[in-house]
Amino acid sequence: MEYETNFRKKHICSNCGRSGHEFRNCIEPITSYGIINVCISDEYNESMIIKDKFCTKKNTYYRVSSRKHPEISCFISNHIRVRDHENMYKLDNEMIPYRSNEDIHKFCYYKNRILFMMVSRRFSLGFIEFIRGKYDVSDTKSIINLFQHMYEHEIKFINKNRYKYDNILYHFLNRNNEPKKIVLNRIYEGKYSNEYCEAKIKFNMLLNSSNEENNNIPVYLEFYIKHIKPKWKSPEWGFPKGRRDKRSEENMVCACREFEEETGYKKSDYSVLNKIEPIEEKLTGTNGVNYKHIYYLAINNCDINSDLTDYDTYEIGEIKWFTYDEAMARIRPYHIEKKRILTRVYLFILNYLIHNINNT
(Lines of atoms letter the chains of each structure in order from A and count residues from 1; the text may use other names and numbers.)
(Lines give C-alpha, C1' and ligand atoms only; values in the text may rest on other atoms or scores of the structure.)
Protein backbone atom coordinates (compact mmCIF):
# COMPACT_ATOMS: atom_id res chain seq x y z
CA MET A 1 0.00 0.00 0.00
CA GLU A 2 1.35 3.42 -0.93
CA TYR A 3 0.82 6.65 0.98
CA GLU A 4 1.45 10.01 -0.59
CA THR A 5 1.47 13.17 1.52
CA ASN A 6 3.29 16.46 1.30
CA PHE A 7 5.09 15.67 4.54
CA ARG A 8 6.30 12.22 3.57
CA LYS A 9 7.40 13.37 0.12
CA LYS A 10 10.08 15.48 1.78
CA HIS A 11 11.49 12.56 3.74
CA ILE A 12 11.27 9.55 1.40
CA CYS A 13 14.18 8.74 -0.89
CA SER A 14 13.14 8.43 -4.54
CA ASN A 15 15.96 5.93 -5.06
CA CYS A 16 15.76 3.32 -2.29
CA GLY A 17 12.23 4.17 -1.07
CA ARG A 18 13.29 4.45 2.57
CA SER A 19 12.41 7.38 4.80
CA GLY A 20 14.81 9.72 6.57
CA HIS A 21 16.84 11.00 3.62
CA GLU A 22 16.56 12.19 0.03
CA PHE A 23 18.08 10.86 -3.19
CA ARG A 24 21.15 13.11 -3.15
CA ASN A 25 22.14 11.67 0.25
CA CYS A 26 21.35 8.04 -0.57
CA ILE A 27 24.27 5.63 -0.19
CA GLU A 28 22.49 2.80 -2.03
CA PRO A 29 23.25 2.03 -5.70
CA ILE A 30 21.00 3.77 -8.23
CA THR A 31 18.08 1.34 -8.31
CA SER A 32 15.75 0.33 -11.13
CA TYR A 33 12.86 -2.15 -11.14
CA GLY A 34 11.83 -4.39 -14.00
CA ILE A 35 10.09 -7.50 -15.24
CA ILE A 36 11.56 -10.65 -16.76
CA ASN A 37 8.66 -11.86 -18.88
CA VAL A 38 8.73 -15.55 -19.76
CA CYS A 39 6.71 -17.50 -22.30
CA ILE A 40 6.44 -21.28 -22.37
CA SER A 41 5.59 -22.79 -25.75
CA ASP A 42 3.39 -25.41 -24.18
CA GLU A 43 0.89 -28.06 -25.11
CA TYR A 44 -0.14 -29.14 -21.62
CA ASN A 45 -1.16 -25.81 -20.00
CA GLU A 46 2.26 -25.43 -18.39
CA SER A 47 1.92 -21.64 -18.18
CA MET A 48 -1.39 -21.93 -16.33
CA ILE A 49 0.07 -24.49 -13.93
CA ILE A 50 3.02 -22.22 -13.12
CA LYS A 51 0.72 -19.21 -12.61
CA ASP A 52 -1.49 -21.20 -10.25
CA LYS A 53 1.58 -22.23 -8.27
CA PHE A 54 3.51 -18.96 -8.08
CA CYS A 55 0.98 -16.16 -8.64
CA THR A 56 -1.67 -14.96 -6.17
CA LYS A 57 -3.14 -11.74 -7.56
CA LYS A 58 -3.85 -9.77 -10.72
CA ASN A 59 -1.69 -6.84 -11.82
CA THR A 60 -4.05 -4.04 -10.80
CA TYR A 61 -4.04 -1.24 -8.26
CA TYR A 62 -6.48 1.44 -7.15
CA ARG A 63 -6.20 5.03 -5.94
CA VAL A 64 -8.29 6.01 -2.92
CA SER A 65 -8.45 9.68 -1.88
CA SER A 66 -9.73 11.23 1.33
CA ARG A 67 -12.54 13.78 0.96
CA LYS A 68 -11.70 15.36 4.28
CA HIS A 69 -7.95 15.46 3.56
CA PRO A 70 -7.57 15.62 -0.25
CA GLU A 71 -3.80 16.02 0.08
CA ILE A 72 -3.65 12.36 1.17
CA SER A 73 -4.01 9.60 -1.39
CA CYS A 74 -3.74 5.86 -0.85
CA PHE A 75 -2.74 3.36 -3.53
CA ILE A 76 -4.01 -0.17 -2.91
CA SER A 77 -2.31 -2.77 -5.09
CA ASN A 78 -3.96 -6.16 -5.22
CA HIS A 79 -0.91 -7.64 -6.85
CA ILE A 80 1.22 -6.71 -3.85
CA ARG A 81 1.26 -9.66 -1.54
CA VAL A 82 2.00 -9.33 2.16
CA ARG A 83 5.18 -11.32 2.51
CA ASP A 84 4.91 -14.70 4.12
CA HIS A 85 8.51 -15.82 3.98
CA GLU A 86 7.58 -19.45 4.54
CA ASN A 87 5.63 -19.45 1.27
CA MET A 88 8.03 -17.39 -0.83
CA TYR A 89 10.14 -19.19 -3.41
CA LYS A 90 13.75 -18.36 -4.20
CA LEU A 91 15.55 -18.78 -7.50
CA ASP A 92 18.28 -20.89 -5.94
CA ASN A 93 18.58 -23.73 -8.45
CA GLU A 94 22.15 -24.16 -9.70
CA MET A 95 21.68 -27.51 -11.42
CA ILE A 96 19.04 -29.92 -12.67
CA PRO A 97 18.92 -33.24 -10.76
CA TYR A 98 18.09 -36.00 -13.24
CA ARG A 99 16.28 -38.79 -11.45
CA SER A 100 15.32 -40.93 -14.43
CA ASN A 101 15.38 -41.23 -18.21
CA GLU A 102 12.01 -39.50 -18.18
CA ASP A 103 13.65 -36.40 -16.66
CA ILE A 104 16.19 -36.35 -19.50
CA HIS A 105 13.38 -36.71 -22.02
CA LYS A 106 11.54 -33.75 -20.43
CA PHE A 107 14.71 -31.68 -20.44
CA CYS A 108 15.13 -32.22 -24.19
CA TYR A 109 11.47 -31.38 -24.69
CA TYR A 110 11.42 -28.14 -22.68
CA LYS A 111 14.93 -26.73 -23.09
CA ASN A 112 14.05 -24.55 -26.11
CA ARG A 113 10.40 -23.98 -25.22
CA ILE A 114 11.18 -21.43 -22.51
CA LEU A 115 11.36 -17.99 -24.14
CA PHE A 116 12.46 -14.65 -22.67
CA MET A 117 11.26 -11.20 -23.72
CA MET A 118 14.19 -8.83 -24.22
CA VAL A 119 14.48 -5.25 -25.42
CA SER A 120 17.25 -3.38 -27.19
CA ARG A 121 17.91 0.25 -26.38
CA ARG A 122 17.46 2.84 -29.11
CA PHE A 123 20.48 4.79 -27.89
CA SER A 124 23.69 3.24 -26.60
CA LEU A 125 24.90 4.15 -23.11
CA GLY A 126 28.06 5.58 -24.67
CA PHE A 127 26.03 7.94 -26.86
CA ILE A 128 23.80 9.00 -23.95
CA GLU A 129 26.75 9.76 -21.66
CA PHE A 130 28.56 11.68 -24.41
CA ILE A 131 25.59 13.84 -25.38
CA ARG A 132 24.91 14.59 -21.71
CA GLY A 133 28.52 15.69 -21.25
CA LYS A 134 29.37 13.03 -18.67
CA TYR A 135 33.10 13.18 -19.35
CA ASP A 136 36.20 15.31 -18.84
CA VAL A 137 37.38 16.90 -22.11
CA SER A 138 41.01 16.22 -21.14
CA ASP A 139 40.39 12.55 -20.23
CA THR A 140 41.10 10.84 -23.55
CA LYS A 141 40.72 7.34 -22.11
CA SER A 142 37.17 7.91 -20.85
CA ILE A 143 36.03 9.50 -24.12
CA ILE A 144 37.52 6.62 -26.13
CA ASN A 145 35.56 4.26 -23.89
CA LEU A 146 32.32 6.15 -24.63
CA PHE A 147 32.89 5.97 -28.40
CA GLN A 148 33.76 2.27 -28.17
CA HIS A 149 30.36 1.66 -26.56
CA MET A 150 28.40 3.59 -29.18
CA TYR A 151 26.62 2.12 -32.19
CA GLU A 152 28.32 2.71 -35.54
CA HIS A 153 25.40 4.76 -36.87
CA GLU A 154 25.59 7.02 -33.78
CA ILE A 155 29.22 7.92 -34.51
CA LYS A 156 28.27 8.64 -38.12
CA PHE A 157 25.42 10.85 -36.90
CA ILE A 158 27.78 12.79 -34.62
CA ASN A 159 30.16 13.27 -37.54
CA LYS A 160 27.37 14.47 -39.82
CA ASN A 161 26.20 17.01 -37.22
CA ARG A 162 29.49 17.82 -35.52
CA TYR A 163 29.10 21.54 -36.15
CA LYS A 164 25.52 21.52 -34.86
CA TYR A 165 25.31 20.09 -31.35
CA ASP A 166 21.67 21.21 -31.12
CA ASN A 167 20.79 18.87 -34.00
CA ILE A 168 22.24 15.95 -32.05
CA LEU A 169 20.47 17.03 -28.87
CA TYR A 170 17.16 17.40 -30.71
CA HIS A 171 17.54 13.91 -32.18
CA PHE A 172 18.27 12.55 -28.71
CA LEU A 173 15.44 14.25 -26.77
CA ASN A 174 12.65 14.57 -29.33
CA ARG A 175 10.04 12.13 -28.02
CA ASN A 176 6.89 13.27 -29.83
CA ASN A 177 8.11 14.66 -33.16
CA GLU A 178 7.71 18.22 -31.91
CA PRO A 179 9.25 21.18 -33.75
CA LYS A 180 12.95 21.62 -33.07
CA LYS A 181 12.56 25.10 -31.58
CA ILE A 182 10.00 23.93 -28.99
CA VAL A 183 12.13 20.97 -27.89
CA LEU A 184 15.33 22.99 -27.58
CA ASN A 185 13.63 25.82 -25.69
CA ARG A 186 12.24 23.29 -23.22
CA ILE A 187 15.67 21.71 -22.80
CA TYR A 188 17.67 24.89 -22.27
CA GLU A 189 15.06 26.49 -20.02
CA GLY A 190 14.02 23.40 -18.09
CA LYS A 191 15.14 21.41 -15.06
CA TYR A 192 18.30 20.08 -16.71
CA SER A 193 19.28 23.27 -18.54
CA ASN A 194 22.62 23.57 -16.73
CA GLU A 195 23.56 20.00 -17.59
CA TYR A 196 22.93 20.41 -21.32
CA CYS A 197 24.49 23.88 -21.47
CA GLU A 198 27.66 22.44 -19.94
CA ALA A 199 27.46 19.46 -22.32
CA LYS A 200 27.25 21.83 -25.30
CA ILE A 201 30.28 23.77 -24.06
CA LYS A 202 32.29 20.54 -23.72
CA PHE A 203 31.22 19.38 -27.17
CA ASN A 204 32.32 22.68 -28.74
CA MET A 205 35.63 22.55 -26.85
CA LEU A 206 36.35 19.14 -28.36
CA LEU A 207 35.34 20.45 -31.77
CA ASN A 208 37.27 23.73 -31.77
CA SER A 209 40.89 22.59 -31.95
CA SER A 210 42.15 25.99 -33.16
CA ASN A 211 41.05 27.84 -30.04
CA GLU A 212 44.05 28.69 -27.85
CA GLU A 213 41.90 28.32 -24.71
CA ASN A 214 41.61 24.59 -25.45
CA ASN A 215 45.34 23.82 -25.26
CA ASN A 216 44.75 21.40 -22.38
CA ILE A 217 42.71 19.11 -24.61
CA PRO A 218 45.06 16.38 -25.90
CA VAL A 219 42.72 14.93 -28.56
CA TYR A 220 39.86 16.53 -30.45
CA LEU A 221 36.51 15.28 -31.72
CA GLU A 222 37.77 14.49 -35.22
CA PHE A 223 40.18 11.91 -33.81
CA TYR A 224 37.45 10.01 -31.95
CA ILE A 225 35.14 10.05 -34.98
CA LYS A 226 37.79 8.82 -37.44
CA HIS A 227 39.85 6.41 -35.37
CA ILE A 228 37.68 4.91 -32.62
CA LYS A 229 35.62 1.92 -33.70
CA PRO A 230 32.66 0.47 -31.76
CA LYS A 231 33.33 -2.77 -29.91
CA TRP A 232 29.92 -4.14 -30.82
CA LYS A 233 28.13 -4.47 -34.15
CA SER A 234 24.70 -5.12 -32.65
CA PRO A 235 22.67 -3.24 -30.00
CA GLU A 236 22.75 -4.18 -26.34
CA TRP A 237 19.85 -6.32 -25.12
CA GLY A 238 18.33 -6.53 -21.67
CA PHE A 239 15.08 -6.66 -19.73
CA PRO A 240 12.55 -3.78 -19.43
CA LYS A 241 13.19 -1.71 -16.31
CA GLY A 242 13.15 1.81 -14.93
CA ARG A 243 13.26 3.99 -11.84
CA ARG A 244 10.53 5.14 -9.47
CA ASP A 245 8.10 7.69 -10.87
CA LYS A 246 7.47 9.11 -7.41
CA ARG A 247 8.95 8.65 -3.97
CA SER A 248 6.09 6.54 -2.59
CA GLU A 249 5.87 4.17 -5.55
CA GLU A 250 6.15 0.55 -4.47
CA ASN A 251 8.83 -1.65 -5.98
CA MET A 252 6.50 -3.97 -7.88
CA VAL A 253 4.24 -1.12 -8.99
CA CYS A 254 7.30 0.60 -10.44
CA ALA A 255 8.43 -2.60 -12.18
CA CYS A 256 4.99 -3.15 -13.75
CA ARG A 257 4.59 0.47 -14.82
CA GLU A 258 8.00 0.59 -16.47
CA PHE A 259 7.41 -2.76 -18.17
CA GLU A 260 4.05 -1.64 -19.55
CA GLU A 261 5.37 1.75 -20.67
CA GLU A 262 8.36 0.28 -22.48
CA THR A 263 6.66 -2.73 -24.10
CA GLY A 264 3.11 -1.44 -24.62
CA TYR A 265 1.75 -4.42 -22.68
CA LYS A 266 -1.52 -4.16 -20.75
CA LYS A 267 -2.00 -5.58 -17.29
CA SER A 268 -3.94 -8.55 -18.68
CA ASP A 269 -1.08 -9.46 -21.03
CA TYR A 270 1.14 -10.85 -18.28
CA SER A 271 0.98 -12.22 -14.73
CA VAL A 272 3.60 -11.41 -12.11
CA LEU A 273 4.75 -14.51 -10.22
CA ASN A 274 4.65 -12.68 -6.91
CA LYS A 275 5.25 -15.77 -4.79
CA ILE A 276 8.79 -15.84 -6.19
CA GLU A 277 11.24 -13.45 -4.58
CA PRO A 278 12.60 -10.76 -6.92
CA ILE A 279 16.14 -11.22 -8.12
CA GLU A 280 18.84 -8.54 -7.98
CA GLU A 281 21.55 -7.54 -10.43
CA LYS A 282 24.38 -5.34 -9.16
CA LEU A 283 26.91 -3.70 -11.43
CA THR A 284 29.24 -0.75 -11.84
CA GLY A 285 28.71 1.33 -14.97
CA THR A 286 31.36 2.64 -17.34
CA ASN A 287 30.95 5.95 -15.49
CA GLY A 288 32.03 4.34 -12.21
CA VAL A 289 28.54 4.62 -10.68
CA ASN A 290 27.03 1.64 -8.83
CA TYR A 291 23.66 0.38 -10.05
CA LYS A 292 21.15 -2.18 -8.82
CA HIS A 293 18.38 -3.73 -10.93
CA ILE A 294 15.57 -5.60 -9.18
CA TYR A 295 13.56 -7.93 -11.42
CA TYR A 296 10.23 -9.67 -10.86
CA LEU A 297 9.40 -12.81 -12.79
CA ALA A 298 6.24 -12.91 -14.94
CA ILE A 299 4.44 -15.32 -17.27
CA ASN A 300 3.25 -14.08 -20.64
CA ASN A 301 -0.52 -14.24 -21.29
CA CYS A 302 -0.77 -13.05 -24.91
CA ASP A 303 0.24 -14.17 -28.38
CA ILE A 304 3.98 -13.63 -28.82
CA ASN A 305 3.62 -13.69 -32.61
CA SER A 306 1.48 -10.56 -32.71
CA ASP A 307 3.24 -7.32 -33.65
CA LEU A 308 3.93 -4.92 -30.80
CA THR A 309 3.17 -1.40 -32.00
CA ASP A 310 2.47 0.50 -28.77
CA TYR A 311 5.92 0.22 -27.21
CA ASP A 312 8.09 3.22 -26.31
CA THR A 313 9.91 3.87 -29.59
CA TYR A 314 11.89 6.68 -27.97
CA GLU A 315 13.71 4.39 -25.53
CA ILE A 316 13.29 0.97 -27.15
CA GLY A 317 14.79 -0.13 -30.45
CA GLU A 318 13.30 -3.63 -30.73
CA ILE A 319 11.40 -6.18 -28.66
CA LYS A 320 12.06 -9.86 -29.33
CA TRP A 321 11.62 -13.29 -27.80
CA PHE A 322 14.68 -15.50 -27.36
CA THR A 323 15.47 -19.00 -26.17
CA TYR A 324 17.94 -19.28 -23.31
CA ASP A 325 20.90 -19.83 -25.65
CA GLU A 326 19.85 -16.94 -27.92
CA ALA A 327 19.38 -14.62 -24.95
CA MET A 328 22.78 -15.52 -23.47
CA ALA A 329 24.44 -14.77 -26.82
CA ARG A 330 22.93 -11.27 -26.86
CA ILE A 331 24.08 -10.27 -23.38
CA ARG A 332 27.45 -8.52 -23.40
CA PRO A 333 30.32 -10.61 -21.93
CA TYR A 334 30.96 -8.10 -19.12
CA HIS A 335 27.35 -8.38 -17.86
CA ILE A 336 28.14 -11.49 -15.84
CA GLU A 337 25.41 -10.78 -13.27
CA LYS A 338 22.74 -10.50 -15.98
CA LYS A 339 23.82 -13.86 -17.41
CA ARG A 340 23.69 -15.36 -13.93
CA ILE A 341 20.16 -14.03 -13.40
CA LEU A 342 18.96 -15.38 -16.75
CA THR A 343 20.47 -18.77 -15.94
CA ARG A 344 18.85 -18.93 -12.49
CA VAL A 345 15.43 -18.06 -13.91
CA TYR A 346 15.84 -20.60 -16.71
CA LEU A 347 16.93 -23.41 -14.36
CA PHE A 348 14.15 -22.62 -11.88
CA ILE A 349 11.43 -22.91 -14.53
CA LEU A 350 13.06 -25.88 -16.24
CA ASN A 351 13.37 -27.73 -12.93
CA TYR A 352 9.74 -27.12 -12.10
CA LEU A 353 8.54 -28.29 -15.51
CA ILE A 354 10.68 -31.43 -15.43
CA HIS A 355 9.63 -32.53 -11.96
CA ASN A 356 6.01 -31.35 -11.81
CA ILE A 357 4.50 -31.64 -15.30
CA ASN A 358 3.25 -34.96 -16.60
CA ASN A 359 3.41 -34.84 -20.39
CA THR A 360 4.11 -38.47 -21.09
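Glycine residues also receive a Cβ, built from the backbone N, Cα and C atoms like all the rest.
Listed features, source Swiss-Prot:
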ZN_FING   11-28  zinc finger
DOMAIN    163-347  domain 'Nudix hydrolase'
MOTIF     242-264  motif 'Nudix box'
BINDING   GLU249, GLU262  Mg(2+) binding site
ACT_SITE  GLU258  active site, nucleophile
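Mean predicted confidence for the motif 'Nudix box' (242-264): the pLDDT average there is 91.
Take the CB of GLU249 (Mg(2+) binding site) and look out to 10 A: across all protein chains shown you find 20 other CB atoms.
Cα of GLU258 (active site, nucleophile) to Cα of GLU249 (Mg(2+) binding site): a distance of 12 Å.
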